[in-house]
Amino acid sequence: VVLGKKGDTVELACNASQKKSTQFHWKNSKQIKILGNQGSFLTKGSSKLSDRADSRKSLWDQGCFSMIIKNLKIEDSETYICEVENKKEEVELLVFGLTANSDTHLLEGQSLTLTLESPPGSSPSVKCRSPRGKNIQGGRTLSVPQLERQDSGTWTCTVSQDQKTVEFKIDIVVLAFQKASSTVYKKEGEQVEFSFPLAFTLEELTGSGELWWQAERASSSKSWITFDLKNKEVSVKRVTQDPKLQMGKKLPLHLTLPQALPQYAGSGNLTLALEAKTEKLHQEVNLVVMRATQFQENLTCEVWGPTSPKLTLSLRLENKKATVSKQAKAVWVLNPEAGMWQCLLSDSGQALLESNIKVVPTWPTPVQPMALIVLGGVAGLLLFTGLGIFFCVRCRH
């Protein structure tokens, strides 16, 4: 038994006992001649394989009279007979085909179905291994639900029949962004860079996209930017005036926000609709903004944007332990000491964002000499007026 792959080439062996050229014939199960020889010439019969069958003439003088069948078809599955030296050798050929149900370019979350084509009467089994090492077994139909971006690559599938095996390689491309979600941490006023790299590469990439943004302070989301993608080049269609984003013209998709401000802190969803695909690619992006301020006798550290309840916000004087540290979005210190203070946002001891602010010492305001002169003059005038009134009243009495 020899197993072959649909569309591939197979070689059926036939050897003579002596290493010399002799007459041979290959026939199918209906005794119809496929090919043979006449001296040193290759002859062909009237079978359906006449245009796809061949033999290695260079090996005839070694007693090797194999038949090569190109572009195999499922219907080529049958028993073939080699007649040489007054003897017959039978070889059973079974041809299998393994194909994806619709397309080998699938969006993340979609299902992959592999269908096995097999000759009548066979009972093969299929075992496939994904690029991330996951094994899937099945019969004539093999289904893989909820594809992940790690499933992109070459799938190796082994078809087994009668203790023989044949291996298939199928390239699957999972259309997705490299990350499902990302968070950018910035101090107030800093420039913000958003990047959306794709987890796949294609020769031609055409589609359109949009970034919707839900600011933490806003009651509803709004579209920040829309764009087109053609031959891996990006062109902006529409962009808001506040904020006015800038977008790179080449892949990977790249957005720049001039300043990180509290009113922009929030979550966004970038969608990318590819040509000939009904569903869209998605990536979530978050922006967390930090502000450290001093007002009168109060030093405050605040963050805006989506943060985990487990994150810790702290304020500490340089080279000292934290004065205040808690799982909150705002902390403050009353009457802070003079020096450089650090506002720190951390996750399990790992710093995510920090901002430094210098607290200047406050001194009592000195009394100016001119103020003393004015106060003295006013006091003298009041005293003089009071004495005058006193003596006038006394004289009248």
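Positions of Cβ are set from backbone N, Cα and C atoms, glycine also.
Cross-referencing CYS82, CYS128 with Swiss-Prot gives CYS82 as the cysteine bonded to CYS14, criterion being a recorded disulfide. Of the cysteines listed (CYS64, CYS128), Swiss-Prot assigns CYS128 as the disulfide partner of CYS157.
The distance from the Cα of ASN15 (N-linked glycosylation site) to the Cα of CYS82 (disulfide bond) comes to 9 Å.
Per-site Cβ counts within 10 Å over the glycosylation sites ASN269, ASN298 peak at ASN269. Ranking the disulfide-bonded residues CYS82, CYS157 by how many other Cβ atoms lie within 10 angstroms of each Cβ puts CYS157 at the bottom. Proximity of CYS301 (disulfide bond) to non-local residues of its own chain (separation of 6 or more, Cβ distance below 8 Å) is seen for MET290, ARG291, ALA292, LEU313, SER314, LEU315, ALA330, VAL331, TRP332, CYS343, SER355, given in sequence order.
Residue counts for the domain 'Ig-like C2-type 3' (291-347) under DSSP (helix as H, G, I; strand as E, B; rest coil) come to 0 helix, 37 strand, 20 coil. Break the domain 'Ig-like V-type' (1-98) down by DSSP state and the numbers are 9 helix, 47 strand, 42 coil. According to DSSP, the secondary structure content of the domain 'Ig-like C2-type 2' (177-290) in residues is 3 helix, 67 strand, 44 coil.
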